[in-house]
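Report on the following structure.
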Ligand SMILES: Cc1ncc(C[n+]2csc(CCOP(=O)(O)OP(=O)(O)O)c2C)c(N)n1
Ligand SMILES: CC(=O)[C@@H](O)[C@H](O)COP(=O)(O)O
Ligand SMILES: [Mg+2]
């Protein structure tokens, strides 16, 4: 079957709603059955108007969903969800599905804390079988479900038995560039007795036009549907290509595929951004996803401030001009990761490999072996997929590959799957790997250059989805550790170790702690993993260490430092602050950080609590403390302009830090000859 794409009548503003909107009559997918052709056409227009109005107001995946309006209506007419299983790959195109399954009212709080998720969500609806957002998974889910339903006698066999279920994964052409999709396809195609209806939503783009042989092949099928094609060669029935904006034709194709009783692929052609002129004309990505934008022009409402992504893009471009051996690798996200300028200036040195993070990493090991220095630019959450390649193909081979992880830490509206909170944990176990977290734009520039200078190990730079704040100058740098704050005239009560952008929170906390009379030192190790050995020396000099990082606290910089301190027989307690080992919901970045106990007040409270709970030494009882040689060494190197050197603020004999409560008075100290010794002092009341 072949249909011709209708020309789109696009608008640049929400359409006026008719007096008796069809959409209001559609409370669930079952209400679609009774609609005639004119009503279905009106419904599609109303849904488009709804999407433009709502998504422009709150932000979200606009162009993506405008492209699947008719396809989603056809899917819900051809199949009986949730009895039949609709699986939206990546899940960013599920807005129309949400509208048709009774969730339209939630769009005012789309992607907000407690609001409607931007992706399928099982807690929202029985119509959502999976809650994905990482691409290329739907065919594997479909394969597993088909096997389960077959064993349970529930899988459709094409006979039309209403008790049996169809499984219908909907996957984009971009997602088809991911290796996992082909692993799923291989299994589906090899099981002639497990009919699954694969819907390939081909709009020719991921963000940018889809790359590689698959894209070429799909383009060939668009031009000449009767051409030899690999889907039938693999064993799948092929239906299409069909105009995905023609509801009747698409529904008919879906029904035909379902009746075959064997695995089939329906090739549906759609236009990303369909019906909204600013999106249809947007060369970059057809307004794939937007912030809050004008519903008429598509222009951002607030002029965006310079983001970490932009700072990185500028620096990367400058490095590209300095070093002809530096190349960049992106997994279908050249513009979102900030490589636009680099790509414009050095097009031959940017490789878009498709949505293929594993391949991005492994092929970068090849680029390094070939004498280049690759910089792999991905969102933090998507690196999870390529962990094995980081370990085996980069680290084991001592390949000089730099990873730049955008969207590290709390991201915000995309919710649980998109927070880049696992990178430090998984990378902390990779031998030889160095991980840096810049606290400000100047450090990003500096660390990126340090990273690309390493040619015998993986290096990683992580930064968040946020506005890049002002530079925070250090008072001094000691053995690679930046000393950001040292309370003048106060004892060495607490060492706060700030990872990357948590520096500003820690500095605000230090000022508050100063008001409480607590002697605080704030340092930024810049390279947060592996642990800089100097940190354990600094830890030794303080009564308490508090580490702060915007990644999961159970394994990262803090736990590594605690372990290093224990290995060095330091008795200074280490309190680790970071994100809980939980899936964090959507919301504003600051809101989520506060909710996770990562605010200024939380740092202050942790310090106060730690000092109250930890060991206290009245120094007259332990005169050896003052003889520890490193103290004077620290004093030599650590003088901070405008503040006292660290040795000057070490407590003189006979003094104690003024904290309000009675505390434990036994501790182990290291003496000048390196012995660990238990020291007792009399309680202070
Ligand atoms: C593993 C992974 N890498 C990157 C992304 C980011 N991403 C989201 S949508 C998208 C493009 C998807 O293209 P396609 O599957 O064709 O869907 P379309 O947006 O065109 O409907 C990308 C790269 C992702 N979600 N998952
Ligand atoms: C679906 C997906 O993974 C991307 O579209 C992602 O939502 C983009 O996130 P940003 O908006 O942070 O670029
Ligand atoms: Mg696509």
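Along the chain as shown, the residues are counted starting at 1.
Keep in mind that glycine also has a Cβ here, set from the backbone N, Cα and C atoms.
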Notebook entry, point to check: Given 1-24, 25-48, which one carries TrEMBL's region 'Disordered' label?
Noted result: 1-24
Notebook entry, point to check: Considering the thiamine diphosphate binding residues 133, 134, 135, 174, 175, 203, 276, 357 given in TrEMBL, which of 83, 92, 97, 397 is annotated for that site as well?
Noted result: 92
Notebook entry, point to check: Taking each of the binding-site residues 173, 357 in turn and counting other Cβ atoms within 10 Å of its Cβ, which one has the fewest?
Noted result: 173
Item checked: Number of Cβ atoms other than its own within 10 Å, given for residue 92 (thiamine diphosphate binding site) -> 21
Next item on the list: Pick the one among the binding-site residues 134, 174, 203 whose Cβ has the fewest other Cβ atoms within 10 Å in this structure.
Entry: 134
Margin query: Considering each pair of residues in 92, 133, 134, 135, 174, 175, 203, 276, 357, all listed as binding thiamine diphosphate, report the largest CA to CA distance in Å, no decimals.
Written below: 31
Next item on the list: Would you mind sorting out which binding-site residues among 92, 134, 357 put a C-beta under 6 angstroms from ligand 3?
Entry: none
Next item on the list: Among the binding-site residues 92, 134, 174, name every one whose Cβ is found under 6 angstroms from ligand 2, counting any of its atoms.
Entry: 92
Next item on the list: Could you measure between residue 92 (thiamine diphosphate binding site) and residue 173 (Mg(2+) binding site) for me? Cα positions, answer in whole angstrom.
Entry: 14
Margin query: For the C-alpha pair, I'd like the distance in angstrom between residue 203 (thiamine diphosphate binding site) and residue 173 (Mg(2+) binding site), rounded off.
Written below: 7
